[in-house]
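Report on the structure given below.
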Amino acid sequence: MHSDNRSPLALKLAAFGGLFFLLAPIALIFLYAFSTEEKSFQWPPPGYTLKWIGVTLGRADVWEAMALSVKVAAISTILALILGTLTAAAVARSKFFGRETISLLVILPIALPGIITGISLRSAFSLLDIPFSTWTIVLGHATFCIVIVYNNAVARFRRTSGALIDAAMDLGADGVQTFRLVILPNIATALLAGGMLAFALSFDEVIVTTFTAGNQTTLPIWMLEELVRPRQRPVTNVVAMAVVLVTVLPILAAYYLTKDGEHTAGSDK
Amino acid sequence: MSDLSSNAALFAPRSGPLARAVDWIIRHPRMFVFLLVLPITLWLGIVYIGALIALLIQSFFSIDEFSGVVVHEFTLKTYGELLRPYNLDIILRTVAMAASVTIAAAILAFPIAYFAARYAKGKWKALFYVGVMLPLWSSYLVKVYAWKLVLAKEGILNWIFAKLHLTWLLDGFLSLPVIGGNSLSVSYIGTFLVFLYIWLPYMIIPVQAALERVSKDLTEAASDLGATPRQNFRMVLLPLALPGVVAGSIFTFSLTLGDYIVPQIVGNSRLFIGQAVYTQQGTAGNIPLAAAFTVVPIVIMGIYLWGARKMGAFDAL
Amino acid sequence: MTDAVTFQGVSRHFGPVKAVDAVDLSIRDGEFFAMLGPSGSGKTTCLRLIAGFEQPTAGHIAIFGERAEGVPPYLRNVNTVFQNYALFPHMNVRENVAFGLRVKGVGKAERHRAAEEALELVELGGYGHRRAGELSGGQRQRVALARALINKPRVVLLDEPLGALDLKLREQMQEELRKLQRALGLTFVFVTHDQDEALSMADRVAVFAEGKIQQIGTSEDIYRCPNTRFVADFVGSSNVLPADLAGVGRAGQWASLRPEDVVLDPAGREATVTGRFFHGRVTKLSLDLAGQSLTALIPAREDTPDVGEAARISWDPARVHLMEREA
């Protein structure tokens, strides 16, 4: 609508204002991690120190919570990768009875509020007398991680021309060779990206986890307790910063992976 | 060329159990698809849907008021309880909050998405991408925590208002009935701001995806046919971006409906659906009522998803 | 001699859609065979049945006399040049061409040497290290051809291989394909919706419509003596007339008359000109003859009447072909 490529000033202001709204609170986290103030959220911080980083690194409860979160996220990601990829292959490659239902089923765990997933799993566990364990947390996490992998994989499968698979088989590659030599190299980056996002999602999840963890403490649950009843603000500040870093790095990596994939995975059209 | 290839028209089947199994699968494509979708069907269809149904069934049980034990008999008593004014208030409050967050998110998201889709190039595009993805994927609790820092009495927002000598404005705002409160962190305004912040990226991404798909030819064709920029926006761009807005609203609406942590940390003591579910199943021990409460977002989201599907919003996800 | 490919009552149904419906067909060893038809006529499905991507719902397929139903594509010594080439984007040209040998377990040095030879055959020697994305459409087409030929298949299938090329390149590739096929002595099965391409390249043509073969024959046969109204119309846009009006056969039968066989003749019958289009070598006249619309192609050197004027026309009855079926 504008023949030149310059945007109207009002649009520019609104866009950058919105971006500021999105990023400023996160920047604040980084500042507070170095604040010398212990008892309140005083702004501007009265002084800056590296002391709390050391204190946090020495805290066993933080490390234990972190270890549990990593373990849960790793297992959930692997499960989600397997289930999500298989489903994406079926949905993207063929039309079958129930295909619509399955694509709806996959997005249901994130389309419905997390509290519903949480409470229904919890009541199912109690009905079936299943004790809380790492696996009960994983069960919940994998359920909503599947859709992340699925979305990435289905998009790549759709972009990867079906003729490539035909071509491989036509040239004499059997099913296993076709998968190894043609399908996998074409979807690998999408799976890696989906896996990283799933990991970040699981690492961060709290709503479902409160229902499926029993008295185990993942890092988000540790933080939630601090939010409800602040006891050690400086340590919480540092943990918050660490969590941002742990989740952001895979996301940036995933971005670069999928960005390149757009050029290599398409058909030759 | 190679002389290794045989001159036969058909080659002998490969041997080995794996090769034979794969050959068999390829000759039976339906079986192949069945095997592909079997794991997900078992996982989501049985574990997840099974748990959901079990929960829903419990909403038709009731709790014995004296002993506090769940009575396993079909009754609509619990739903009657759900419609009591106190509980009805909770539902209306939550739906109103979800609706206002969704509308505000759509309004705020559009310029960001539009700018990023249409004008941002090169490093600016990357900045916008990271600027949206960073808060999207940053820890939910960290984001809530950040707003606790922002909204605290001694925090940055009050400080800015004080520095600008606008404290009177903030106080005036807080003294408004219903949405006001003692301070930002215990008012509906505070709750609303945090919800808006947390779910905004979920709106930006599908809207941007929808806008990216609107080819420049279309808006050029519209202006060629005499549409003013305003008409172009209203008659071409907005309708084409609408599925993206609807897709985004699925997230903002649903996530607000079910959240119980934000209003617990930033807000007054009036409950939202999520909190009601949490307390009913936890401290109150009234699973049937908790289950009945969860039916509300399920029904609302069911209608919402059905409508969204009609509008083709799923393609914009 | 055994035929390269035979179909016996082959059908392929997708639910209620009869993509291929009871087709009988035999393709001779070493011939250049074209399957011609509009989109959705079943020609591509037939090609996919030969390749093994589709399995017949009913009927029998044999490749050099061997029963092929149920045999997966990778066990058929048949290779395909795909419509959009389907070159593997994650491999360079050499790896693409050598793919067929790689999956057969041929060593790296050997298969790279063979790939280079195959590339030379299609005049792309030295392009092995390029990515498919760096090549022009015509070059990709040649890579796809080299890739299909490296396995020394008994039958080469070509699915609209020239569809994405511009006119000049198309004509050049048509000639080269024909030469290559003669030189290698292989059976080529070629799918196209372009009747010029089919007529000029193929030894024999099968015309498809609605999942059935309407007619099989040499290019001349198909053009001169169309069996059905559909063939007459689709191949060279013939005039289809009631036989009695055309001056042959009896009422109720239909006849085909090629537009170039209609001539201006002062002693002929009177028709009205309803349209006149100058095409360079010829002028195309749309005519109305006793309520029947008719097209004539008149050499441009002749004077032609203008729209609204009368034209006197005739034709040699020997040029009129009486069709077997009305459909």
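Quick reminder: no glycine exception, Cβ is built from N, Cα and C everywhere.
Look at TrEMBL and you will find B:91-305 tagged as domain 'ABC transmembrane type-1'. The transmembrane segment annotation in TrEMBL covers B:31-57, B:90-114, B:126-147, B:185-205, B:240-262, B:287-307.
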Open item on the list: Given a Cβ distance threshold of under 8 angstroms, which distant residues of the chain, six or more beyond its ends, lie next to the transmembrane segment (B:126-147)?
Closed with: 112, 115-116, 120, 190, 193-194, 197-198, 200-202, 204-205, 208, 261-262, 265-266
Open item on the list: I need to check the long-range neighbours of the transmembrane segment (B:185-205): which residues 6 or more away from its ends have a CB within less than 8 Å of a CB in the stretch?
Closed with: 97, 100-102, 104-106, 108-109, 112-113, 116, 132-133, 135-136, 140, 143-144, 147-148, 151-153, 173-174, 178-179, 245, 248-249, 251-252, 255-256, 259, 262-263, 266-268
Task: Stretch with greatest number of CB pairs under 8 Å, the transmembrane segment (B:240-262) reference, B:31-57, B:90-114, B:287-307 candidates - done: B:90-114
Open item on the list: Which residues of the chain, 6 or more past the ends of the transmembrane segment (B:90-114), have a CB below 8 A from one of its CBs?
Closed with: 82, 128, 132, 188, 191-192, 195-196, 199-200, 202-205, 207-208, 211, 237, 241, 244-245, 248-249, 252-253, 256-257, 270-274, 276, 293, 296, 300
